[in-house]
């Protein structure tokens, strides 16, 4: 288990002896799991320990059930919510074997490994977690291994939510309750999407999605207000976002488009100063082979993000590029062994993933805030 205060890896505290042993799971994500094989990763019994049992949380509530979506004008920019929703709803729900044949299998493995480490660092046994932009429930096994009591998943893509519910239904071990809801967590009040009795939560996770909040000031402030309001004091807000420093470096080189055969980032105009007039609305198009087809995304100017988050009682604890985060983690022998078993590292410590896939992974950074 990672100790962010000491910036070191520590042995996980023992779990209660009454809890059963870790279930035998066979999904591909298991290889990108917690750094230790200690008691934190053991499964809990099927009976939730949390006072917020599944029966107390209503079934899915779709704030966009009528199919109407705001295409609101703000600061001269048209919201891309509809385009993003349509894109993710149209993605196929591939099987584990199909994903293994993917040309970006290395990207998926690396990204899952990073997310697993981040979830392990900032969640604790018996936590209740909120996953914003949960998609098809790809992190369910990560939360299972974290030993949580309950998970609330929110996403604007209704078909993705149906896939998430189906994925949970087919899990061999269901050791925590879930509530998957359709809604826009960056625009709607979370209490209007999820039953308010489900809050507060111990950890909020937003993986590869929080940059969509940076479309407008309204969306960004509402997202931060939502997170701060439903998160316990001392709770964690974690996520993965595009690394703004890398974007700025390329812009300063006079580029407005860059990438390789795996990914591509395209700005409409060159920005040789690498500066932005506002914290929001700095749009570019992103393409990732077999995954993202020219979807609009937004720069996350990180220093401004940190300052604004402070207004909502969110204090920065961690911000690192994927590569720095990964290299620091694999100093631990057990973590390195998992990376080797996941075909991310070779036994000699070199990467088993191709250079172009690694370059696509290096686009991102991790963050963690604490509610104060």
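A Cβ is built for glycine as well, from the same backbone N, Cα and C atoms used for every other residue.
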Candidate sharing the S-adenosyl-L-methionine site with 115, 133, 155, 207, 212 (per TrEMBL), from 166, 184, 192: 184
Residue 112 (mRNA binding site) and residue 364 (site 'mRNA cap binding'), Cα-Cα, nearest whole angstrom: 13
Top Cα neighbour of residue 297 (site 'mRNA cap binding') in the set of recorded positions 112, 142, 167: 112
Residues that sit under 8 angstroms from residue 167 (site 'mRNA cap binding') by C-beta distance, when 6+ apart in the chain: 136, 137, 140
Residue 136 (site 'mRNA cap binding') - helix vs strand vs coil (DSSP): coil
Among 111, 112, the most crowded of the binding-site residues [Cβ within 10 Å]: 112
DSSP three-state assignment (helix, strand or coil) for residue 142 (site 'mRNA cap binding'): helix
